[in-house]
Structure formats: C-alpha cells, structure tokens
Amino acid sequence: MDVRALKEMAAEAALSYIQPGMVVGVGTGSTSNLFIDALGRAQIHVEGYVASSLATEARLKSLGLPVLDLNATGDIPVYIDGADEIDPHFRLIKGGGGALTREKIVASAARRFICIADNSKDKPALGSFPLPVEVIPFARSFVARQLVKLGGSPVLRKDVTTDNGNVILDVTGLDLTDPLAMEMRINSIPGVLDNGIFAQRRADVVLMGSESGLISRAADTQA
Ligand SMILES: O=C(CO)[C@H](O)[C@H](O)COP(=O)(O)O
C-alpha cells in the first residue's frame, strides 16, 4: 500500500465522527484534502465547515460544501486534521503546510480533535520533524536569535507567506522532552504568533492508516 492509501484509510475512518447538523472544523494538508474529498462523496448534511486555511476553504467550496466563518460560529463539536508527528500522549507537531496558527485556533475551539495520518507519523517522542514557528516578518531576525538561545537552529521557509501574512521559521535541535513547556516558552517570544507544538491542545483521537489496517487510539484509554 502506498502512503496515499494509508492516509485515505484514516480520512475515510474520520467520516464516522461526522453527524448530520454538526459544525465541523477541517484541517490542512494532503490527509485533510483526502478527508475533504471523502466529505464530498459522503454528502452528509452538516450545518457547515470551519476551514483552517484558505486552501482548505477553497477545496471545500470547490466541492460545493458550505463554509462557515469562525467568528459567526458557536460550538464546534469536532475538528479533523493531520499531523507531522504524533507521540504516545497524543501531542503533535503540526505546521508542515504552514497553517499551524489557524489549525491550533480551530482545534482549540473544538470539543474533539480527531487526528488523521499514515502511521509514519507515529513517533515515540516529538522532535525529529523541524518545528514550524509562525513569526511576524518585522521580528524575524530577533525571534531567530531567541530560538538559537533556546538551542534551536532556525531556517526561514523560502517563498512562503502564511494566510496571516507572516513567515515560517523551521527549527531543528530543540529539546522537546517537555513539549508543553517548549510550546509556552516559544510563544512567549515577542513576534511569535504561534508554533507547531500541540501539547496544550492535543488530539483526543488518533486514526492512523497502516499496512495491517486502521489503528484507532482514544486519549481516555491511550490503548
Ligand atoms: O499541519 C499541517 C499543515 O499545516 C498538516 O496537517 C501536516 O503538515 C500533515 O500534512 P499531510 O497530511 O500532508 O501529511
């Protein structure tokens, strides 16, 4: 099975979390795109979708799926999104697609976060994927120096401007043994909008496609 088929397995499985009449948050990236395609085929009569990026909004609209404004939306029962790394405690690294800030906002506004991925994202600990940090362009050099003081090696992501008009620094070398502490520490640097550690807002359920079938883990059992 190729990676796309494994992602598709997880994306299809996430459909079972969508009920008619719901508001559904939708993530960004190739696995989320497969989920959107599955939504297009399933035609569940939801109230609407809250998109975590302009790309996701465009894909939803291209399939005729209704998009809602987060500011005009109350309760979001469920958010579905991919990840770059998933640890055994449902903590994530996200932002490979540069949409980490809006993703974290929608995930935090949702009651349940269902993370969908192929099982290459399953890691014993976070930290091999370079950590994306969204930075206001004015503060780029200052923030980079602060990240070096934290032990990191930041690299500016070339030719990328986020949906919020900012830049991304991809940072290797940080000690993520306490992901929550590092998430908070980086976000306390003036000029940082957010970073791709999802430790304060973890996933509640992880669905991973694997060669031997779907792996489904829920945070309350951590099975
Ligand atoms: O965080 C993300 C985008 O900002 C994506 O969810 C993450 O990069 C995983 O992407 P893919 O589903 O393409 O493997």
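Start at 1 and count along the chain as shown; that gives each residue its number.
From the backbone N, Cα and C atoms, a Cβ is placed for every residue, glycine too.
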- Among Lys61, Lys121, the candidate listed by TrEMBL alongside Thr28, Gly29, Ser30, Thr31, Asp81, Gly82, Ala83, Asp84, Lys94, Gly95, Gly96, Gly97 for substrate is Lys121
- State the Cα to Cα distance, in Å, between Ser30 (substrate binding site) and Glu103 (active site, proton acceptor), rounded to an integer. 14
- Report the residues of the chain - excluding Thr28, Gly29, Ser30, Thr31, Asp81, Gly82, Ala83, Asp84, Lys94, Gly95, Gly96, Gly97, Lys121 - with C-beta within 8 Å of the mean position of the site's C-beta atoms, for the recorded substrate site, in sequence order. Gly27, Ser32, Glu103, Ala117
- Most crowded position, judged by CB atoms within 10 A, among Lys94, Lys121 as binding-site residues: Lys94
- Residues that sit under 8 angstroms from Thr28 (substrate binding site) by C-beta distance, when 6+ apart in the chain: Ser52, Ser53, Ala55, Thr56, Asp81, Gly82, Gly97, Ala99, Arg102, Glu103
